[in-house]
């Protein structure tokens, strides 16, 4: 089964956990042995450690990468060497992907959403249905919140021709984690390409502002109210429905607060802005940060927000046919995902400025991919 070994430089481009996530997932899917060296050489803490979108916090969830790698190993009974905290090189030899029940636990507030990102493409090409028990942070810094995964990622990624069920058992926050999500999905024969190039106009704006643990409900109401005021300055003609929520004690571990706001368009595009509370940051500021993030994502004219871009790349690379998405400025995470999808899966991507008239004055791009038409050998 094993092809020639793929050599990956873990220090280039994004230079973080994302390289590990994309390269091990593709290695597992394609049955290619992999060596990743110089892991996180570009980061403040080299070696296997924390993970996520913005590495401002040097060592947040050190075991997070490890639990992702170990999960991929377990999904396919592969062999993994060098997977210790602080390691700068790993080798991975995949075997056949199998379904069934798999558990991954970051033992910290490491993101369950990032565990989902790395494992989902693999289990789509398993021999039988899968149930993934993912433990860690559900609403953690530097990673998508589970609400984003449910409300934005899920409806869009299902356009590739599969469905998954995401059951939030317990929510977990920084620094303790303790959250648990169960993801269930059945394998597919192939993935369909997607075409997301028509943005439409915004028809709905809604969201949730939550508090958990000891935080007073007033904090949720204040976050929601501040976000609504901020959005109204720019979008006056839509009702903005942000629900304040007190997470039930038995469904949340630890203390936390945060907000996610979604904008939906007439063509079914979804955009989000979100923010998490931190000690000493007042509630209004958290609400305003999320609102401003959403408004920025609505200005660029793309059909996906800046956080969805890179999460779609692996699926586009595997799909059977040409996929197109329209985006705002192409993020470093997206460029990194494209680089490794081309290197490892041999998919072909073209990124070009959008030529549509309505995008002329905007920083809008089309990412086009000729997918490899990956076929599930088990079905």
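From the backbone N, Cα and C atoms, a Cβ is placed for every residue, glycine too.
What you are looking at is a predicted structure, and each value in this text was computed from that prediction instead of being measured.
What TrEMBL says about this one:
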ACT_SITE  333  active site, tele-AMP-histidine intermediate
BINDING   117, 307, 308, 309, 310, 311  ATP binding site
DOMAIN    13-350  domain 'RNA 3'-terminal phosphate cyclase'
DOMAIN    197-298  domain 'RNA 3'-terminal phosphate cyclase insert'
>> Between the Cα atoms of residue 117 (ATP binding site) and the residue listed as 'active site, tele-AMP-histidine intermediate', what distance do you get, rounded to the nearest Å?
In response: 13
> Including all protein chains shown, what's the count of other C-beta atoms within 10 A of the C-beta of residue 307 (ATP binding site)?
Replying inline: 23
>> Take the mean position of the Cβ atoms of 117, 307, 308, 309, 310, 311, the recorded ATP site. Which other residues of that chain put their Cβ within 8 Å of it?
In response: 144, 153, 304, 312, 313, 333, 334
> How long is the line from the C-alpha of residue 311 (ATP binding site) to the C-alpha of residue 333 (active site, tele-AMP-histidine intermediate), rounded to the nearest angstrom?
Replying inline: 9
> C-alpha of residue 307 (ATP binding site) to C-alpha of the residue listed as 'active site, tele-AMP-histidine intermediate': distance in Å?
Replying inline: 9
> residue 311 (ATP binding site) has how many other Cβ neighbours within 10 Å of its own Cβ?
Replying inline: 23
> Where does the mean pLDDT land for the domain 'RNA 3'-terminal phosphate cyclase' (13-350)?
Replying inline: 93
> In the domain 'RNA 3'-terminal phosphate cyclase insert' (197-298), how many residues does DSSP call helix, how many strand, and how many coil?
Replying inline: 37 helix, 37 strand, 28 coil
> In Å, how large is the greatest distance between any two Cα atoms among 117, 307, 308, 309, 310, 311, the listed binders of ATP?
Replying inline: 13
> Which of these recorded positions has the least crowded Cβ, counting other Cβ atoms within 10 Å: 308, 309, 333?
Replying inline: 333
> Who sits close to residue 310 (ATP binding site): which same-chain residues at least 6 apart have their Cβ under 8 Å from its Cβ?
Replying inline: 18, 331, 333, 334, 336, 337
